[in-house]
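Notes follow the structure.
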Amino acid sequence: MKKTVPQFVEAKQKKEKLTMVTAYDYSIAKLVDNSNIDSILVGDSLGMVMLGYENTLQVTMKDMIHHTKAVVKGAKNTMVIADMPFMSYHVSIEKAVENAGRLIKETNATAVKLEGGIEMADTIKAIVKAQIPVVAHIGLTPQSVNIFGGFKVQGKNIDAAKKLIEDAKAVEKAGAYAVVLECVPEKLAKIITEELEIPTIGIGAGNVCDGQVLVYQDMLNMFSGFKPKFVKMYADIGKDIENAFNRYVEEVKTEVFPAKEHTFAISDDVIEKLY
Ligand SMILES: Nc1nc(=O)c2c([nH]1)NC[C@@H]1CN(c3ccc(C(=O)N[C@@H](CCC(=O)O)C(=O)O)cc3)CN21
Ligand SMILES: CC(C)C(=O)C(=O)O
Ligand SMILES: [Mg+2]
(Lines of atoms letter the chains of each structure in order from A and count residues from 1; the text may use other names and numbers.)
(Lines give C-alpha, C1' and ligand atoms only; values in the text may rest on other atoms or scores of the structure.)
(Ligands and ions follow the chains in the order given, each with its own letter.)
Protein backbone atom coordinates (compact mmCIF):
# COMPACT_ATOMS: atom_id res chain seq x y z
CA MET A 1 0.00 0.00 0.00
CA LYS A 2 1.18 3.48 -0.78
CA LYS A 3 0.29 6.66 1.11
CA THR A 4 -3.07 7.41 2.71
CA VAL A 5 -4.30 10.97 3.23
CA PRO A 6 -2.83 11.24 6.80
CA GLN A 7 0.46 9.72 5.60
CA PHE A 8 0.54 12.25 2.79
CA VAL A 9 0.38 15.08 5.34
CA GLU A 10 2.91 13.38 7.67
CA ALA A 11 5.39 13.19 4.79
CA LYS A 12 5.88 16.94 5.12
CA GLN A 13 6.91 16.66 8.79
CA LYS A 14 9.27 13.82 7.87
CA LYS A 15 10.66 15.97 5.05
CA GLU A 16 9.89 13.20 2.55
CA LYS A 17 9.18 14.57 -0.92
CA LEU A 18 5.79 13.70 -2.41
CA THR A 19 5.38 12.68 -6.02
CA MET A 20 2.25 12.92 -8.14
CA VAL A 21 1.53 12.45 -11.83
CA THR A 22 -1.66 12.66 -13.81
CA ALA A 23 -3.35 9.60 -15.33
CA TYR A 24 -6.54 9.40 -17.34
CA ASP A 25 -7.03 5.71 -18.11
CA TYR A 26 -6.62 2.16 -16.81
CA SER A 27 -3.37 1.25 -18.59
CA ILE A 28 -1.41 4.29 -17.47
CA ALA A 29 -2.85 4.07 -13.96
CA LYS A 30 -1.46 0.52 -13.70
CA LEU A 31 1.99 1.71 -14.80
CA VAL A 32 1.91 4.49 -12.20
CA ASP A 33 0.67 2.02 -9.59
CA ASN A 34 3.66 -0.24 -10.34
CA SER A 35 6.07 2.69 -9.95
CA ASN A 36 7.10 4.44 -6.72
CA ILE A 37 4.85 7.45 -7.33
CA ASP A 38 2.74 8.39 -4.28
CA SER A 39 -0.46 9.66 -5.85
CA ILE A 40 -2.37 10.06 -9.09
CA LEU A 41 -4.24 13.15 -10.21
CA VAL A 42 -7.03 12.68 -12.73
CA GLY A 43 -6.61 16.25 -13.89
CA ASP A 44 -9.13 18.25 -15.86
CA SER A 45 -6.06 18.73 -18.10
CA LEU A 46 -7.56 15.62 -19.73
CA GLY A 47 -9.66 18.08 -21.71
CA MET A 48 -6.47 19.28 -23.37
CA VAL A 49 -4.33 16.14 -23.60
CA MET A 50 -7.06 13.52 -24.12
CA LEU A 51 -9.88 15.48 -25.78
CA GLY A 52 -7.96 18.17 -27.70
CA TYR A 53 -9.68 21.24 -26.20
CA GLU A 54 -7.72 24.49 -26.08
CA ASN A 55 -8.30 24.86 -22.34
CA THR A 56 -9.99 22.98 -19.47
CA LEU A 57 -13.29 24.88 -19.43
CA GLN A 58 -15.36 22.40 -21.48
CA VAL A 59 -14.56 19.42 -19.28
CA THR A 60 -17.71 18.00 -17.66
CA MET A 61 -18.56 15.93 -14.58
CA LYS A 62 -19.33 13.10 -17.01
CA ASP A 63 -15.81 13.32 -18.49
CA MET A 64 -14.21 13.35 -15.05
CA ILE A 65 -16.26 10.38 -13.81
CA HIS A 66 -15.60 8.38 -16.99
CA HIS A 67 -11.82 8.79 -16.77
CA THR A 68 -11.54 8.60 -12.97
CA LYS A 69 -13.41 5.27 -12.87
CA ALA A 70 -10.87 3.76 -15.26
CA VAL A 71 -7.92 5.17 -13.30
CA VAL A 72 -9.21 3.88 -9.96
CA LYS A 73 -9.53 0.37 -11.44
CA GLY A 74 -5.87 0.45 -12.48
CA ALA A 75 -4.53 2.14 -9.34
CA LYS A 76 -5.19 -0.54 -6.75
CA ASN A 77 -2.62 0.82 -4.29
CA THR A 78 -2.30 4.49 -5.17
CA MET A 79 -4.28 7.46 -3.88
CA VAL A 80 -6.41 8.88 -6.69
CA ILE A 81 -7.42 12.54 -6.63
CA ALA A 82 -10.07 13.74 -9.10
CA ASP A 83 -10.21 17.33 -10.33
CA MET A 84 -13.57 19.03 -9.98
CA PRO A 85 -14.37 20.44 -13.44
CA PHE A 86 -15.20 24.06 -14.22
CA MET A 87 -18.68 25.09 -12.98
CA SER A 88 -19.17 21.96 -10.87
CA TYR A 89 -18.37 23.87 -7.65
CA HIS A 90 -18.92 27.54 -8.52
CA VAL A 91 -22.72 27.84 -8.54
CA SER A 92 -23.39 27.07 -4.88
CA ILE A 93 -21.84 25.29 -1.93
CA GLU A 94 -24.68 22.73 -2.02
CA LYS A 95 -23.95 21.88 -5.68
CA ALA A 96 -20.22 21.71 -4.91
CA VAL A 97 -20.75 19.17 -2.12
CA GLU A 98 -23.14 17.21 -4.31
CA ASN A 99 -20.64 17.07 -7.20
CA ALA A 100 -17.69 16.23 -4.94
CA GLY A 101 -19.87 13.43 -3.57
CA ARG A 102 -20.67 12.16 -7.06
CA LEU A 103 -16.98 12.11 -7.97
CA ILE A 104 -16.23 9.91 -4.96
CA LYS A 105 -19.36 7.74 -5.00
CA GLU A 106 -19.31 7.00 -8.74
CA THR A 107 -15.56 6.43 -9.09
CA ASN A 108 -14.19 5.39 -5.65
CA ALA A 109 -11.46 8.03 -5.88
CA THR A 110 -9.98 9.10 -2.53
CA ALA A 111 -10.11 12.87 -2.80
CA VAL A 112 -11.14 15.79 -4.96
CA LYS A 113 -9.15 18.84 -6.05
CA LEU A 114 -10.59 22.26 -6.80
CA GLU A 115 -9.12 25.57 -7.90
CA GLY A 116 -9.24 28.75 -5.85
CA GLY A 117 -8.04 30.35 -2.62
CA ILE A 118 -9.88 32.57 -0.13
CA GLU A 119 -13.00 32.68 -2.34
CA MET A 120 -13.29 28.88 -2.20
CA ALA A 121 -12.60 28.47 1.53
CA ASP A 122 -16.27 27.96 2.51
CA THR A 123 -16.71 25.46 -0.33
CA ILE A 124 -13.66 23.47 0.78
CA LYS A 125 -14.94 23.53 4.37
CA ALA A 126 -18.33 22.12 3.31
CA ILE A 127 -16.81 19.31 1.21
CA VAL A 128 -14.45 18.33 4.04
CA LYS A 129 -17.44 18.38 6.41
CA ALA A 130 -18.97 15.74 4.13
CA GLN A 131 -15.83 13.64 4.88
CA ILE A 132 -14.31 14.09 1.43
CA PRO A 133 -10.59 14.93 1.49
CA VAL A 134 -9.82 18.07 -0.54
CA VAL A 135 -6.67 19.18 -2.32
CA ALA A 136 -6.64 22.91 -3.09
CA HIS A 137 -5.00 24.50 -6.14
CA ILE A 138 -3.77 28.10 -6.25
CA GLY A 139 -1.52 30.27 -8.41
CA LEU A 140 -2.15 29.60 -12.10
CA THR A 141 -5.63 28.12 -11.86
CA PRO A 142 -6.31 27.09 -15.48
CA GLN A 143 -10.10 27.38 -15.08
CA SER A 144 -9.50 31.16 -14.66
CA VAL A 145 -7.67 31.36 -18.02
CA ASN A 146 -10.05 33.97 -19.44
CA ILE A 147 -9.74 36.18 -16.35
CA PHE A 148 -5.92 35.86 -16.43
CA GLY A 149 -5.79 36.35 -20.22
CA GLY A 150 -3.68 33.20 -20.71
CA PHE A 151 -1.64 30.61 -18.84
CA LYS A 152 0.66 33.01 -16.98
CA VAL A 153 2.91 32.91 -13.94
CA GLN A 154 1.04 34.28 -10.91
CA GLY A 155 2.01 36.23 -7.78
CA LYS A 156 4.76 38.37 -9.29
CA ASN A 157 3.87 41.77 -7.79
CA ILE A 158 3.58 42.56 -4.09
CA ASP A 159 -0.24 42.56 -3.96
CA ALA A 160 -0.53 39.33 -5.96
CA ALA A 161 2.18 37.68 -3.85
CA LYS A 162 0.43 38.70 -0.59
CA LYS A 163 -2.88 37.44 -1.98
CA LEU A 164 -1.33 34.04 -2.79
CA ILE A 165 0.06 33.69 0.74
CA GLU A 166 -3.41 34.55 2.11
CA ASP A 167 -4.98 32.04 -0.32
CA ALA A 168 -2.65 29.30 0.88
CA LYS A 169 -3.42 30.01 4.54
CA ALA A 170 -7.16 30.16 3.83
CA VAL A 171 -7.32 26.77 2.08
CA GLU A 172 -5.29 25.17 4.88
CA LYS A 173 -7.61 26.69 7.49
CA ALA A 174 -10.61 25.47 5.49
CA GLY A 175 -9.36 21.89 5.83
CA ALA A 176 -7.54 21.12 2.57
CA TYR A 177 -4.92 18.38 3.19
CA ALA A 178 -2.56 19.60 0.46
CA VAL A 179 -2.32 22.48 -1.97
CA VAL A 180 -1.08 22.57 -5.54
CA LEU A 181 1.02 25.66 -6.36
CA GLU A 182 1.01 26.14 -10.11
CA CYS A 183 3.31 28.61 -11.90
CA VAL A 184 4.39 30.50 -8.79
CA PRO A 185 7.87 32.07 -8.53
CA GLU A 186 10.16 29.78 -6.55
CA LYS A 187 10.95 32.26 -3.76
CA LEU A 188 7.25 32.88 -3.16
CA ALA A 189 6.58 29.12 -3.21
CA LYS A 190 9.27 28.78 -0.51
CA ILE A 191 7.53 31.29 1.76
CA ILE A 192 4.17 29.57 1.26
CA THR A 193 5.67 26.11 1.87
CA GLU A 194 7.27 27.31 5.11
CA GLU A 195 4.08 29.02 6.29
CA LEU A 196 1.88 25.94 5.87
CA GLU A 197 1.53 22.71 7.86
CA ILE A 198 -0.03 20.92 4.87
CA PRO A 199 2.17 19.87 1.94
CA THR A 200 2.58 22.08 -1.11
CA ILE A 201 2.66 20.22 -4.42
CA GLY A 202 4.42 22.31 -7.03
CA ILE A 203 4.11 22.48 -10.80
CA GLY A 204 6.28 25.30 -12.06
CA ALA A 205 6.96 26.36 -8.45
CA GLY A 206 10.50 25.10 -7.86
CA ASN A 207 12.04 22.32 -5.77
CA VAL A 208 11.20 24.17 -2.54
CA CYS A 209 7.72 22.62 -2.54
CA ASP A 210 6.96 19.52 -0.47
CA GLY A 211 6.13 17.58 -3.60
CA GLN A 212 5.84 17.81 -7.37
CA VAL A 213 3.16 17.04 -9.94
CA LEU A 214 3.45 16.78 -13.73
CA VAL A 215 1.12 15.86 -16.56
CA TYR A 216 2.42 12.45 -17.70
CA GLN A 217 2.23 13.25 -21.42
CA ASP A 218 4.48 16.25 -20.77
CA MET A 219 7.19 14.29 -18.94
CA LEU A 220 7.08 11.49 -21.56
CA ASN A 221 6.97 13.97 -24.46
CA MET A 222 3.78 12.62 -25.96
CA PHE A 223 1.81 15.89 -26.09
CA SER A 224 2.75 18.40 -28.75
CA GLY A 225 0.21 21.15 -27.94
CA PHE A 226 2.62 23.32 -25.93
CA LYS A 227 5.59 22.93 -23.64
CA PRO A 228 5.59 24.98 -20.44
CA LYS A 229 8.99 25.98 -19.03
CA PHE A 230 8.46 23.76 -15.95
CA VAL A 231 8.32 20.51 -17.95
CA LYS A 232 11.26 18.10 -17.99
CA MET A 233 11.28 15.25 -20.48
CA TYR A 234 11.98 11.89 -18.78
CA ALA A 235 11.39 9.78 -21.87
CA ASP A 236 10.66 10.45 -25.54
CA ILE A 237 7.63 8.20 -25.90
CA GLY A 238 6.02 10.44 -28.52
CA LYS A 239 8.95 9.84 -30.89
CA ASP A 240 9.01 6.13 -29.99
CA ILE A 241 5.31 5.84 -30.87
CA GLU A 242 5.76 7.60 -34.23
CA ASN A 243 8.77 5.42 -35.05
CA ALA A 244 6.84 2.27 -34.12
CA PHE A 245 3.93 3.28 -36.37
CA ASN A 246 6.32 3.87 -39.28
CA ARG A 247 8.14 0.56 -38.77
CA TYR A 248 4.74 -1.16 -38.77
CA VAL A 249 3.79 0.53 -42.06
CA GLU A 250 7.12 -0.51 -43.59
CA GLU A 251 6.76 -4.14 -42.46
CA VAL A 252 3.15 -4.40 -43.65
CA LYS A 253 4.15 -3.08 -47.07
CA THR A 254 7.10 -5.46 -47.36
CA GLU A 255 5.09 -8.40 -45.90
CA VAL A 256 7.60 -8.77 -43.06
CA PHE A 257 4.61 -8.45 -40.75
CA PRO A 258 2.70 -10.58 -39.95
CA ALA A 259 5.34 -13.34 -39.74
CA LYS A 260 4.75 -17.08 -39.14
CA GLU A 261 4.55 -16.64 -35.37
CA HIS A 262 1.67 -14.18 -35.73
CA THR A 263 -0.50 -16.46 -37.90
CA PHE A 264 -2.77 -19.46 -37.32
CA ALA A 265 -2.38 -22.87 -38.96
CA ILE A 266 -4.93 -25.22 -40.50
CA SER A 267 -4.32 -28.82 -41.61
CA ASP A 268 -3.43 -29.28 -45.31
CA ASP A 269 -6.22 -31.92 -45.59
CA VAL A 270 -8.84 -29.31 -44.99
CA ILE A 271 -7.28 -26.91 -47.45
CA GLU A 272 -7.02 -29.60 -50.14
CA LYS A 273 -10.71 -30.40 -49.74
CA LEU A 274 -11.50 -26.73 -50.22
CA TYR A 275 -9.67 -26.71 -53.53
N1 LIG B 1 -0.26 19.10 -21.06
C2 LIG B 1 -0.62 19.90 -20.07
N3 LIG B 1 0.30 20.22 -19.13
C4 LIG B 1 -0.01 21.07 -18.10
O5 LIG B 1 0.85 21.30 -17.25
C6 LIG B 1 -1.33 21.61 -18.06
C7 LIG B 1 -2.25 21.24 -19.07
N8 LIG B 1 -1.87 20.40 -20.06
N9 LIG B 1 -3.51 21.69 -19.06
C10 LIG B 1 -4.01 22.43 -17.92
C11 LIG B 1 -2.95 23.29 -17.38
C12 LIG B 1 -2.51 24.40 -18.30
N13 LIG B 1 -1.13 24.58 -17.91
C14 LIG B 1 -0.22 25.45 -18.47
C15 LIG B 1 -0.22 25.69 -19.82
C16 LIG B 1 0.71 26.56 -20.40
C17 LIG B 1 1.64 27.18 -19.59
C18 LIG B 1 2.64 28.10 -20.20
O19 LIG B 1 2.87 28.07 -21.39
N20 LIG B 1 3.28 28.94 -19.41
C21 LIG B 1 4.33 29.84 -19.82
C22 LIG B 1 4.45 30.92 -18.77
C23 LIG B 1 4.42 32.30 -19.38
C24 LIG B 1 4.75 33.35 -18.34
O25 LIG B 1 3.83 33.86 -17.66
O26 LIG B 1 5.96 33.66 -18.19
C27 LIG B 1 5.68 29.11 -19.90
O28 LIG B 1 6.52 29.53 -20.69
O29 LIG B 1 5.86 28.11 -19.17
C30 LIG B 1 1.65 26.93 -18.22
C31 LIG B 1 0.72 26.06 -17.67
C32 LIG B 1 -0.78 23.63 -16.88
N33 LIG B 1 -1.71 22.55 -17.09
C1 LIG C 1 -1.64 20.48 -13.74
C2 LIG C 1 -2.39 19.81 -12.63
C3 LIG C 1 -2.06 20.37 -11.29
C4 LIG C 1 -3.87 19.86 -12.89
O5 LIG C 1 -4.66 20.52 -12.25
C6 LIG C 1 -4.37 19.07 -14.02
O7 LIG C 1 -3.63 18.22 -14.55
O8 LIG C 1 -5.53 19.28 -14.39
MG1 LIG D 1 -6.57 20.68 -13.17
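In case you wondered, yes, glycine gets a Cβ from its N, Cα and C as well.
Predicted automatically and left uncurated, TrEMBL annotations should be read as such.
Of the listed candidates (Asp25, Asp63, Asp83, Asp159), TrEMBL assigns Asp83 to the same Mg(2+) site as Asp44, Glu115. A 10 Å radius around the C-alpha of Ser45 (3-methyl-2-oxobutanoate binding site) takes in these recorded positions out of Asp83, Glu115, Glu182, in sequence order: Asp83. Largest Cα-Cα distance over the residues recorded as binding 3-methyl-2-oxobutanoate, namely Asp44, Ser45, Asp83, Lys113, equals 12 Å.
Other than the site residues Asp44, Ser45, Asp83, Lys113, same-chain residues with C-beta atoms no more than 8 angstroms from the centre of those residues' C-beta atoms, the 3-methyl-2-oxobutanoate site, are Thr22, Leu41, Val42, Gly43, Leu46, Thr56, Val59, Met64, Ala82, Met84, Pro85, His137. Selection of the recorded positions Asp83, Lys113, Glu182 by a Cβ distance under 6 Å from ligand 3 yields, in sequence order, Asp83.
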